[in-house]
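Student: Input: one structure, supplied below.
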Amino acid sequence: MTGFQIKAPFEPTGDQPRAIAQLTASLQAEHRFQTLLGATGTGKTHTIARVIEKIGKPTLVLAHNKTLAAQLCNELREFFPNNAVEYFISYYDYYQPEAYIPVTDTYIEKTAAINEEIDMLRHSATRSLFERKDVIVVASISCIYGLGIPSEYLNASVPLQVGIEVDQRQLLRDLTTIQYSRNDLDLGRGRFRVKGDVLEIGPAYEDRIVRVEFFGDEIDAIRYVDPVTGTTLQSLDNLRIYPARHFVTPQERLEIACADIAAELKDRLTELEAQNKLLEAQRLDQRTRYDLEMLREVGYCNGVENYSRHLAGRSPGEPPETLIDYFPKDWLLVVDESHVTVPQIRGMYNGDQSRKRVLIDHGFRLPSAADNRPLKSEEFWQKVTQCIFVSATPGDWELDISEDRIIEQIIRPTGVVDPEIFVRPTTGQVDDLLGEVRDRIERRERVLITTLTKRMAEDLTEYFQDRGVRVRYLHSEIGAIERIEILEDLRKGTFDVLIGVNLLREGLDLPEVSLVAILDADKEGFLRAERSLIQTIGRAARHVRGQAILYADNLTDSMAKAISETERRRAIQTAYNQKHGITPQPIVKKASNAILAFLEVSRRLNAQELDTAYEQADELPLEDIPELITQLEAQMKEAAKKLEFEEAAKYRDRIKQLRDKLLGR
C-alpha cells in the first residue's frame, strides 16, 4: 500500500487493466524507459494515475504547454483528492527577455510581469516535495530552467515549534533574510507583521496566514488562520517557513560570488580591449560594476540570474539546479504527448544560447551569463531514473529507447471505435465536403477541416459562410487562451465547422466532432506526415459515428501507414466489442471553461485598431485609458512570445506614456 489513494467513480476497463499491470511490472523490474502507446480517448490519464498509485513514487508529469498541464493537473486532482497534486509552470504573465539587435543597434531591457498565483503554486510544489512522498507535480517545459539550490532553500527555512523559546528579534531578522518583508498594514504573500505578542506571516506557498502567538519568548501557539475573517483553520505543533524566493544565497556565498564576478570582469575587459572592442569594454565595465555594488549593498540586482553560476558556486558549463533536483533520488517521470515534448526538451538550450551569445559579444553580459540556461537534453535525461512516455504516436527515439516495453492501449471504455476512413479525389472536393458538412449539421454534430495553406483556409471559410454554414477559421495569430474559447464554442454549438491550417493540437477533447476532413492529404510534409495524420484523424475518435475523409489523388506512404494503423486499431476495437457484447456509447462530457477561469482571458483589439486608439488617446476620457492599457499589454505579450522585441518595446513605451497621463505627469 502506497501513500497515493485514487478516488474514482469507475474501475479500469478495456485495455486499461492490462496496460496498468504491464507498466507496473516494468517499473518494478527497474526498467528505465517504457512507452504507453494509447489511442485517443482510451483513458491514458486514468491508466497513469493507477500506475502512480501502485508504484508510490513522487512523480513529475511533463506536458508540452501550460494549457495541457492545467488540464492534466485538474484531472489528477480529481483522481487524488487526498494527495499533493501540484502545478508548476512559468510564472510570467508577460516575459520579454533581454536582447540586443546589432543591425539596428537596439538594446531591449528585460521586462516581465509575474503572476502571483502561479508563483504561489510553484512554491507549493517545492514545499510538498520537501515534506511529503505522495506528490505529483504537473509541469511545463519551464521545469528544466534554473530554480536555486534545494539544500540552501531548505537550510534557509525557519523552523517554528510550540513550547520552544526564541529570540523574537532574531526571528524577524531570519524572516527578512529569506526575503520576507515587514508590512504591518497589508499582509500578503511574502510578508509578515507584528502586533504585540502575535506574529503573522503570509507564506509564499499558500493563501492561508500563519499566526504565531508568544508568551514572553516562548511560542505559545501556531495556527493557520483565514486571511479575511481571521478564523482559526488549523492548530499546529510545529511548522517550517520556507523562503519567499527559490534563489537564496547565504551572505558568505554572496561575498565569494562578488569576488568571482569582479575577477571574471577583469579578465573579460582585458580580452575585449585586446580585440580593440573599446565600446563593448566600457559598456560591460559600467554595467557590471553597478550590479556588483547593488549585490554588495542589498543582495540583489536587476538581471541577477545572469550571475547565477557565481552565486551558486558552479563550475563553468556545469548544469543548473532545477525542479528535478528537488525530487528525491527515486522518482518517476511521465512525459505526456512525448512525440512533441521530447523534441521540445532538445530545442530549449539552443534557442536560449543564440540570444545570450549576442549579448555577451557586444558587452552587455559577462561570458558566465551563458550558464544561466535550461538543461541540455543529455543533462536532463541523466537525471531521470525511470520514465513512462505517453502518446498515441510516440516518436522513434522513445520507441527505440523503450525496446520491447511498448504497452498498447487501444480499447476505449465507451466502446467507441477509431474513425472510418475514406479517400476521395480532389476534383470537386469543396462541394463534396459541403454536402458532408450539411449532413453533420442536421444531426447536430461538429466538423473539423484542415487545409495546407492559410489562403485556402480563408477562402474555404468565406465559401461556407456564403452558403449559410456557421463556420470559424482558426489561425496562428490566435493566442492559446482565445483558442480554447473557440474550441469551447465549437463544443457548445455556437458554430458547427472549424477550419484551420494546423488543427493538430494533441490532447484536444472534442467528443461532438464526428467528421474530420483533410484536404490535400497527399502533399507530403510535416502536416501530412504519418504521425500528424493519425493525430488529426484521432480528433473524430471520440464520436460513435466518427469518420475521416482524406481528399487526395495519390496514396502517399504516410497516408498508407496512417490508414493501416487506424484500420488495425479499429479491427481490434470492433472484435473486442463483439466478443463482450459492447454497444459503443457516446461520450457525455459538458463543455468546461475551467482552464479559462484559471488563465485570465482578455478580449483584444487588433493591432491596427490599437494604433488608432493610441493616436487618439488625448481625446479619450481618463476612465477609458485603463482599458486601452490592458489591450496594449496583451499585444505586448503576444509580440514578445513571437520574439518581435522591437514591436513589444513599442507597446511598452506606449503603456508607460498612458500611465503617466493617468497620473497627470
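Cβ coordinates are placed from backbone N, Cα and C, and glycine is handled just like the others.
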Student: For which of the residue intervals 91-114, 499-522 does Swiss-Prot record motif 'Beta-hairpin'?
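Tutor: That would be 91-114, the stretch labelled motif 'Beta-hairpin' in Swiss-Prot.
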Student: Specify the count of other C-beta atoms within 10 Å of the C-beta of Lys44 (ATP binding site).
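Tutor: So the number of other Cβ atoms within 10 Å of Lys44 (ATP binding site) is 24.
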Student: Other than Gly38, Ala39, Thr40, Gly41, Thr42, Gly43, Lys44, Thr45, which residues of the chain come within 8 Å of the ATP site, judged by Cβ distance to the Cβ centroid of those residues?
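Tutor: Residues close to the ATP site, other than Gly38, Ala39, Thr40, Gly41, Thr42, Gly43, Lys44, Thr45: Thr47, Ala392, Gln409, Arg412.
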Student: Take the domain 'UVR' (626-661) and count its residues per DSSP category (helix H/G/I, strand E/B, coil), listing them in that order.
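Tutor: Helix, strand, coil within the domain 'UVR' (626-661): 33 helix, 0 strand, 3 coil.
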Student: What does the DSSP secondary structure composition of the motif 'Beta-hairpin' (91-114) look like, as residue counts for helix, strand and coil?
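Tutor: For that range the per-state counts are 0 helix, 15 strand, 9 coil.
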Student: Could you tally the C-beta atoms, other than its own, that fall within 10 angstroms of the C-beta of Thr42 (ATP binding site)?
Tutor: 27
Student: For Gly38 (ATP binding site), which DSSP three-state class applies?
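Tutor: Looking at the DSSP assignment, Gly38 (ATP binding site) belongs to a strand.
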